[in-house]
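What follows is a set of notes on a single structure, which appears directly below.
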Amino acid sequence: MIDPVAIQLGPISIRWYAICIVTGLVLAVYLAMKEAPRRKIIPDDILDFILVAFPVAIVGARLYYVAFEWDYYGKNLIKIIDFWNGGIAGIAIYGGLIAGAIVLYFFCRRRLIHPVDFLDIAAPSVMIAQSIGRWGNFANHEAYGAAVKSLDYLPSFIRENMYIEGSYRQPTFLYESVWNLIGFILIIVLRRRPKLLRQGEIAAFYLIWYGFGRMIIEGMRTDSLMFAGLRVSQWLSLILIFVGIGIIIYQRKKKAPYYQE
C-alpha cells in the first residue's frame, strides 16, 4: 500500500494529501487568473482572495470534520490542532466550501466585485482542484466505500491500495475525481459557446453537477454521519442542487447577460 507520508523531515511529515491539495490549488489559481480579465476582474484580486480564503477554508474544513467526529475529539482536544501528526488528513470539503463562501461574500463587497462573476470564474477552478485533491484521500486510505468482491477493472496500484481491513473497497475517491474532471471539461467547453450560458450559470452548473455526483457517490461510503435516513453530505448535496436550479431559473427570468456574447 502507498505510504501516506511522501517526505519525512525530522518530526515534520509532509503527506501526499497535502501535496495533492497544494497541486490542485496552484492549478486552480492559474486557471482563475487566466480567465479573470474576460470578466473584467483584476487577476491580482484572484490571488488576494486565495491568500485569505485558503487558510480560512482549511480551518472551516477542519472544524466541520471535528464537529461531526466530536465523540472522539471532545475527549482528545489536542488532536483538533495536531497537524504535525497528520491532522490535516481530517478535513471535509463541505466545511471548506462554506468557509470559502463566507470569505467570498465579504471580499467581493470590499473590492466592489460582482459575486456572480467571481463565482463563475471560481467554479471550474474549484472543480479541477477537487478532482486532484481526492487523490489525497487515496493516499490516506480514507473516504472509501463498501466492500466488494473484486476490483479487477482497475489498475493494480489502485486495486492494491483499496484492499482495506481484509476486503476490497469501492474507490469512491476515484469516482468523485473522475466525475469532477468530466464536469470541469464540460464547463470549459460550454462557457466558450456564444449565447449559451448566462451570468451565474457556470456557478449553477457546478452546484448541480457536484451536488448530484456527490449525493450518489456518498451513498456508497460507509464512514459518513447519517441524519433522517440520508448521510449529512447527501442533504448538503441536495441543497446545492436546488440552489443551482434556483440560480438558473432566476437568471433566465431576469434575462441576465450571457457569459459569452
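Cβ coordinates come from backbone N, Cα and C, glycine included.
Feature list (source: Swiss-Prot):
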- 12-32: transmembrane segment (TRANSMEM)
- 41-61: transmembrane segment (TRANSMEM)
- 87-107: transmembrane segment (TRANSMEM)
- 112-132: transmembrane segment (TRANSMEM)
- 170-190: transmembrane segment (TRANSMEM)
- 200-220: transmembrane segment (TRANSMEM)
- 229-249: transmembrane segment (TRANSMEM)
Could you check if the transmembrane segment (112-132) is in contact with the transmembrane segment (200-220), meaning 3+ Cβ pairs under 8 Å among residue pairs at least 6 apart in sequence?
yes
Residue numbers, six or more beyond the limits of the transmembrane segment (200-220), whose CB comes under 8 Å of its CB atoms:
116, 119-120, 122-124, 126-127, 130, 145-146, 170, 172, 175-176, 179-180, 183, 186-187, 190-191, 231, 233-234, 236-241, 243-245, 247-248, 250-251, 256, 259
Which residues of the chain, 6 or more past the ends of the transmembrane segment (87-107), have a CB below 8 A from one of its CBs?
4, 15, 17-18, 48-49, 52-53, 56-66, 68-69, 79-81, 113, 115, 118-119, 122, 126, 130, 133, 136, 140, 142, 233, 236
For the transmembrane segment (229-249), sequence-distant contacts whose Cβ falls under 8 Å of one of its Cβ atoms, 6 or more beyond its ends:
68, 94, 200-201, 203-208, 210-212, 214-215, 218-219, 221
